[in-house]
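Asker: Shown below is the structure under consideration.
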Amino acid sequence: MLHDPLVPLSDSFGRTVTYLRVSVTDRCDLRCTYCMSEHTSFMPKRELLTLEELDRLVSAFVDLGVRKLRVTGGEPLVRRGIMTFFQAMGRHVRSGALKELTLTTNGTLLARHAAELADCGVKRVNVSLDTLDPAKYGRITRWGRLENVLGGIAAAQAAGLRVKINTVALRGQNDDELFRLVDWCAEQGCDLTFIEVMPMGEFGVEDRLSQFWPLSELRAELETRYRLADTALSTGGPASYVRVAETGQTIGFIRPLSHNFCATCNRVRLSCRGELYTCLGTEGSSDLRPALRDGEAGLGLYAAIQTALRLKPAGHAFGYLAGGVQGAMARGMNHTGG
Ligand code: SAM
Ligand code: SF4
């Protein structure tokens, strides 16, 4: 692939893009109720980029200045051969081009892959876990087994990976476990981030509304028990972080709906069939497959990426209004990755 002339990726609002999230599959071995319907349909496999195409496409982003790569899905670890992709990305970590290679996973297959992920240069992994109650875990994920995830977390830590737990705040479901989750994460040496549930997917938007537990309320409840100190930590995204005086752990709050972070957004998302989504909260995307599959590739692919970047909107529109949902997204979270 040709390397010059390269202009760092920036959009028409002057934001520099250094963070790419790539969904390597829309499939998953779970069906979390806020993410997918039980009988959701997936893309035909023939539409997926091959692992070799994914490597070329993501490497073009790295050439253009992406420094942080998060592999997600669907569940990234269910994609057949996915370790080949991690090994390929490992070369960018070794060369210093990628400062961080990481993944978001439900953890069910982590025990099997943790050591190899560490060998590929992964240092941290985000594991999604909304409850420590096995029966409730089964209900939220429809058929997941909590013990698999806990085993995955233990294996990741044994392999030297730092684990951050992602917990979707769900009113009526895990609001009674707030302190238990915080204390458990502190005991395990895991950081913890809470996420507000988002109105995505073509099913049950009303359910999202009834599940919505604003993190302002969650934080106020935490403050009845812990002393929280705001930190300046920032990933350029929707998360803000506090340090818990009693435990020393970091707790993050991802508030895509009640907190405006768009002005400093540094990230874009790639679907498993090569569409670039420049904003999680708007529908538009650019298809990078033609440029990727064009025999001339090289500069054509760079140009296609740069053109797509210029379409990144100033901000998203979705949110919860009194009694309703504004700008709900038909696209499921598994399509672009969380
Ligand atoms: N399967 C992996 C996992 O669960 O970690 C990676 C993909 S999943 C789509 C990424 C993140 O999105 C998870 O932490 C999940 O909890 C979150 N998520 C899915 N649907 C969501 C929704 N409607 N609102 C907020 N977060 C959601
Ligand atoms: Fe699968 Fe992750 Fe969606 Fe749950 S949140 S259904 S684990 S993709």
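The backbone N, Cα and C atoms fix where each Cβ goes, glycine too.
Note: TrEMBL annotation is automatic and uncurated.
From TrEMBL, here are the annotated features:
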DOMAIN    12-238  domain 'Radical SAM core'
BINDING   R21, R70, T104, K164, R267, V268, R269  GTP binding site
BINDING   C28, C32, C35  [4Fe-4S] cluster 1 binding site
BINDING   Y34, G74, S128, M198  S-adenosyl-L-methionine binding site
BINDING   C262, C265, C279  [4Fe-4S] cluster 2 binding site
Asker: Would you mind sorting out which binding-site residues among Y34, R70, T104, C265, V268 put a C-beta under 6 angstroms from ligand 2?
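Answerer: Near ligand 2: none of them.
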Asker: Using DSSP reduced to three states, classify C35 ([4Fe-4S] cluster 1 binding site) as helix, strand or coil.
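Answerer: In three-state terms, C35 ([4Fe-4S] cluster 1 binding site) counts as coil.
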Asker: For M198 (S-adenosyl-L-methionine binding site), find which of the binding-site residues C35, C265, C279 come within 10 Å, Cα to Cα.
Answerer: C35
Asker: If you average per-residue pLDDT over the domain 'Radical SAM core' (12-238), what number do you get?
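Answerer: Value for the domain 'Radical SAM core' (12-238), mean pLDDT as a whole number: 94.
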Asker: Measuring Cα to Cα, how many angstrom lie between R267 (GTP binding site) and C279 ([4Fe-4S] cluster 2 binding site)?
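Answerer: One finds 8 Å between the Cα atoms of these residues.
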Asker: What three-state secondary structure does DSSP assign to R70 (GTP binding site)?
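Answerer: Going by the DSSP assignment, R70 (GTP binding site) falls within a strand, counted as strand.
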Asker: On a C-alpha basis, identify the one among C28, C32, K164, C279 that is nearest to G74 (S-adenosyl-L-methionine binding site); the candidates are the binding-site residues.
Answerer: C28
Asker: For C28 ([4Fe-4S] cluster 1 binding site) and Y34 (S-adenosyl-L-methionine binding site), determine the Cα separation and express it in whole Å.
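Answerer: Distance (Cα to Cα, whole Å): 14 Å.
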Asker: Going by C-alpha distance, which of the binding-site residues C32, Y34, C35, C262 is nearest to R269 (GTP binding site)?
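Answerer: Ranked by Cα distance from R269 (GTP binding site), first place goes to C262.
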Asker: May I ask for the distance between K164 (GTP binding site) and S128 (S-adenosyl-L-methionine binding site), taken between their Cα atoms and rounded to an integer number of Å?
Answerer: 8
